[in-house]
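Annotation comment: Swiss-Prot describes Thr54, Tyr117 as site 'Part of a proton relay during catalysis', evidence class sequence analysis. Annotation comment: Swiss-Prot describes Thr55, Val214 as pyruvate binding site. Sequence annotations record features per position, and here Swiss-Prot assigns active site, proton donor/acceptor to Tyr144 based on sequence analysis. What Swiss-Prot lists as active site, schiff-base intermediate with substrate is Lys172.
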Amino acid sequence: MSSAAHLSPKPFGRLLTAMVTPFDSDGKVDYAIAGRLARYLVDEGSDGIVVCGTTGESPTLSWSEQHQLLETVKSSVGKAVKVLAGTGSNSTAEAIEATVKAAELGADGALVVVPYYNKPPQEGLEIHFRSIANAAPDLPLMLYNIPGRTGSSIHPATVKRLMNCPNIISYKAASGTTSEVTDLRMQCGSQLAVYSGDDGLLLPMMSVGAVGVVSVASHIVGSRIKAMIDAYSTGQVNIALAYHEQLQPLFRALFATTNPIPVKAALEAIGWQVGSPRRPLSPLKKQMKEDLIDIIKSLRQI
């Protein structure tokens, strides 16, 4: 980790927050809190916000709810940061429709996940992403690889073939390995901006060429994650390492069970009424919540 000179361009900044979706006591989307939360995330250092991704519970949101969330967040933050919409689906036609709609609503980009459950082969993945890119040619796209949730993975060689789509410019790496970043850089060079999809792997991934992170923990410690990124990117590696080590207990606690269950509990603990996750997700267990709160309290004393 001796140098940051090799980092690729960063089209959406370095710190993006995968924002939770707030629900009220009746389980309905609380758009007012969503707007306030988005502004808070900007104040805490986020360069961009991703709405309706994994952390935003997209599987249990209707398309109309997703559209209104995008409009709410975009209106709330204005041009201060980039706002990306999660538009992925395991139906190519549906993903195209969602991506085109996001562009119409003013999104600055779209996060498009590898299709889940139906497990297409690499040829199918190439056709899927190329079709989406061609349907919304003016909207920058971030491919999203998270095989632990989707059941399949896009190969770096497939990504390389997609690089002739001008609007496929970035990639969220959430396979859990730094080698994913290395393999992508070997295939695509610096043309593709790779973001870590795991807070705990942010610094290791930056050391091999990632430009930043799509973060969950930035809901709680955004300014510290931003400081870690800034320290590394300016060659202050020891300072970055100190942040990396200091924040590991929180990073681990936020993924001790299915995301976004812990981060919603963490937000409640610091005063944000974001509600429980929608079913079939369930609230955080009592002991895990107590452990998480202890970690947050200890970080606030540092």
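A Cβ is built for glycine as well, from the same backbone N, Cα and C atoms used for every other residue.
Looking only at Cα atoms, Tyr144 (active site, proton donor/acceptor) sits nearest to Lys172 among the recorded positions Thr54, Thr55, Tyr117, Lys172, Val214. Taking CA atoms as the reference points, the residue listed as 'active site, schiff-base intermediate with substrate' and Val214 (pyruvate binding site) are 7 Å apart. A simple way to gauge crowding: the CB of the residue listed as 'active site, proton donor/acceptor' has 26 other CB atoms within 10 angstroms, across all the protein chains here. For Val214 (pyruvate binding site), the same-chain residues that are 6 or more apart in sequence and have a Cβ closer than 8 Å to its Cβ are Leu16, Thr17, Ala18, Val50, Gly53, Leu111, Lys172, Tyr195, Ser196, Gly197.
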